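Pulled from Swiss-Prot:
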| type | residues | note |
| --- | --- | --- |
| TRANSMEM | 73-96 | transmembrane segment |
| TRANSMEM | 159-182 | transmembrane segment |
| TRANSMEM | 198-222 | transmembrane segment |
| TRANSMEM | 294-312 | transmembrane segment |
| TRANSMEM | 349-372 | transmembrane segment |
| TRANSMEM | 388-414 | transmembrane segment |
| TRANSMEM | 436-458 | transmembrane segment |
| TRANSMEM | 534-552 | transmembrane segment |
| BINDING | Cys576, Cys585 | [4Fe-4S] cluster binding site |
| TRANSMEM | 592-613 | transmembrane segment |
| TRANSMEM | 667-689 | transmembrane segment |
| BINDING | His678 | chlorophyll a' binding site |
| BINDING | Met686, Tyr694 | chlorophyll a binding site |
| BINDING | Trp695 | phylloquinone binding site |
| TRANSMEM | 727-747 | transmembrane segment |
Amino acid sequence: MTIRSPEPEVKKVKVVVDRDTVKTSFEKWAKPGHFSRTLAKGPDTTTWIWNLHADAHDFDSHTNNLEDISRKIFSAHFGQLAIIFIWLSGMYYHGARFSNYEAWLADPTHIKPSAQIVWPIVGQEILNGDVGGGFRGIQITSGFFQIWRASGITSELQLYCTAIGALIFAALMLFAGWFHYHKAAPKLAWFQEVESMLNHHLAGLLGLGSLSWAGHQIHVSLPINQLLDAGVDPKEIPLPHEFIFNRDLLAQLYPSFAKGVTPFLTLNWSEYSDFLTFRGGLNPVTGGLWLTDTAHHHLAIAVLFLIAGHMYKTNWRIGHNLKDLLEAHKGPFTGEGHKGLYEILTTSWHAQLAVNLAMLGSLTIVVAHHMYSMPPYPYLATDYGTQLSLFTHHMWIGGFIIVGAAAHAAIFMVRDYDPTTQYNNLLDRVLRHRDAIVSHLNWVCIFLGFHSFGLYIHNDTMSALGRPQDMFSDTAIQLQPIFAQWIQNTHASAPGSTAPGATASTSLTWGGGDLVTVGSKVALLPIPLGTADFLVHHIHAFTIHVTVLILLKGVLFARSSRLIPDKANLGFRFPCDGPGRGGTCQVSAWDHVFLGLFWMYNAISVVIFHFSWKMQSDVWGNISDQGVVTHITGGNFAQSSITINGWLRDFLWAQASQVIQSYGSSLSAYGLLFLGAHFVWAFSLMFLFSGRGYWQELIESIVWAHNKLKVAPAIQPRALSIVQGRAVGVAHYLLGGIVTTWAFFLARIIAIG
């Protein structure tokens, strides 16, 4: 008798929905706090409005039904997309209605981008600066003009049409959000169908998304940009649909188009190398990446993701099963390995979100570093204001997203983690040796902090004593970043050895002596690294490690600690462990996110200061007819940034002159923002450095005075809770700091760049 193991059941993936789940009604809109029994009663004290805002989107607190929570999140995503489409539509509409896009397109080296004109009310029209070509408006640094040119947009009419299209898509998204919550709401099983979701997201979003963009680039962007680069008047260039429907037009520019798909079907793919290139480096006309390289890149990415989108098992017997994959991962030292993680990621959206935010935040920072080193759009590299803005923007956003990852990881630990189902797997093992992790990380932070700061203090002291020969610098005691220089050199010498088809390295910043200039401005050149970079790099290492220490400690000790063993019962955010237990304040997971934000701010500030000064000193500048490059700050980074005094004197103070002296000019708004944002930042300290009782006492006196005059309010005033005060404090601290930096950077770079 043969015993057969039962055939593994092939699950059937179906789209399952519930019809007419929630009645559509506007009545709830008139009942603030309808989602909570306590809030729905209405306000007794002013705390009500704070709790209303804190809990409005905390779907976990509205219900513990995972299916309903999933549907709310899904529906909210469509609302988010609608907002994005409305915002994009506004950007394109401004380009169509209020901008000098067509003038910029005709002469991008002499005309600056502007898409906002201030109305003449009480003299505000002073903000309309002369951006060239007789146009007066606010100079913008968002990079939209450059991306429009790369897309092949040649007229303001096309921008109008796109703006209208975006509004139509916004309406569609709003409809979809309503439809999939009220009319046809997916069942929980659909949200947990990970293999199908992976296939569709990989093949659909990333695969077909990249393929359609590659198609647009090949059929529309490439020919239009080729003609623009050759100096053809934008009004003479055929419209996009003419290129799409008339192959002969394309064949004039790219001869392989005349052959159609024959080379593709006969595997002679190299025939297409006239529009799918592998050149490396930058286009000397525009200072951007070769658009034929980027089209090739998107086509390759599309192929990879289309394959990736067919790797996971759904209704057929072929492909990976994610649960099996995770549970098969057992190393010799990792116990049960990934066992149990599948259940976590399919039942806790906080855990899922934490992983995704950590990835997305890191990717955003990677984008920041590639935008300047491999500028993807025409004339982006020589628009210094835009380069600085894009780098700063992506660094800030990446920092915030990474802190968000820690926040949601901690919420997962508090609300969704079930210790009974997680035994000896990786998560359990990390939690069991959390003391070793945190204490070692703490040691690393102390080491990095003392040593990195100590190098600067040494230099300041030697400088003050008049002993330059004893300083750490490129001209005295050298601390060269030899590993970074080795990586630069490896990449600079790659073309011809490891990448035989490439004519230049991936980025000019690696080295090799080439420099690209556009209209007598430097687009990019090899970036030298020396002692100054070595020093500031270790400050980066220090601030990043401290941020990680705070955030990771918050996650690892979110449920319990030696100080508060029952922390999980107190929730994600709480001020202290009740009265009578001193020294237990500021230990909640929320407080760790709060503290982590300040160190994230420290970390990103040092990065953007480093970038701003380094680029002005060693990269950005003008080139004379004789080929001599003059940098904006004349290469002073290497000698000035090696002391704290140098950073204060030659960077912050020297470069603040433009924003401080901006009054009476078209940059005066930045001067006012600089002043106002300092005030907002200082205002935050009032919330961060004072206790709740102080304000409650003050409020009691004020209420007494109102009672005397018989004008006492029906809703009782209350001081902010400890957590609310800290939230308001950190929000103003970050807003004030970021706007101060924004005004400082832009006034400087627009005035001189």
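Quick reminder: no glycine exception, Cβ is built from N, Cα and C everywhere.
Shown on the structure are the features that Swiss-Prot records.
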{"residue": "Cys576", "record": "[4Fe-4S] cluster binding site", "Cβ neighbours (10 Å)": "17"}
{"residue": "Cys585", "record": "[4Fe-4S] cluster binding site", "Cβ neighbours (10 Å)": "13"}
{"residue": "His678", "record": "chlorophyll a' binding site", "Cβ neighbours (10 Å)": "15"}
{"residue": "Met686", "record": "chlorophyll a binding site", "Cβ neighbours (10 Å)": "13"}
{"residue": "Tyr694", "record": "chlorophyll a binding site", "Cβ neighbours (10 Å)": "10"}
{"residue": "Trp695", "record": "phylloquinone binding site", "Cβ neighbours (10 Å)": "17"}
> Residues of the same chain, at least six outside the transmembrane segment (294-312), with any C-beta under 8 angstroms of its C-beta?
Replying inline: 194-196, 198-204, 206-208, 210-211, 213-214, 217-218, 221-222, 275-278, 319-322, 376
>> Please tell me whether the transmembrane segment (388-414) and the transmembrane segment (349-372) touch - that is, whether there are at least 3 C-beta pairs under 8 Å between them, with each pair 6 or more apart in sequence.
In response: yes
> Quick one: do the transmembrane segment (727-747) and the transmembrane segment (159-182) have at least 3 Cβ pairs under 8 Å, skipping pairs fewer than 6 apart in sequence?
Replying inline: no
>> At a C-beta cut-off of under 8 Å, are there same-chain residues at least 6 beyond the transmembrane segment (592-613) that contact it? List them, or none.
In response: 372, 388, 391-392, 395-396, 399-400, 402-403, 406-407, 410, 536, 539-540, 543-544, 546-547, 550-551, 553-555, 586, 633, 637, 641, 647, 651, 655, 726-727, 730, 733-734, 737, 741, 745, 749
>> Please report the three-state DSSP label of Trp695 (phylloquinone binding site).
In response: helix
>> What does the structure give for the C-alpha distance between Cys585 ([4Fe-4S] cluster binding site) and Tyr694 (chlorophyll a binding site)? Integer Å is fine.
In response: 18
> In whole Å, how far is Cys576 ([4Fe-4S] cluster binding site) from Tyr694 (chlorophyll a binding site) when you measure between their Cα atoms?
Replying inline: 18
> Cα distance, Trp695 (phylloquinone binding site) to Met686 (chlorophyll a binding site), nearest Å?
Replying inline: 11
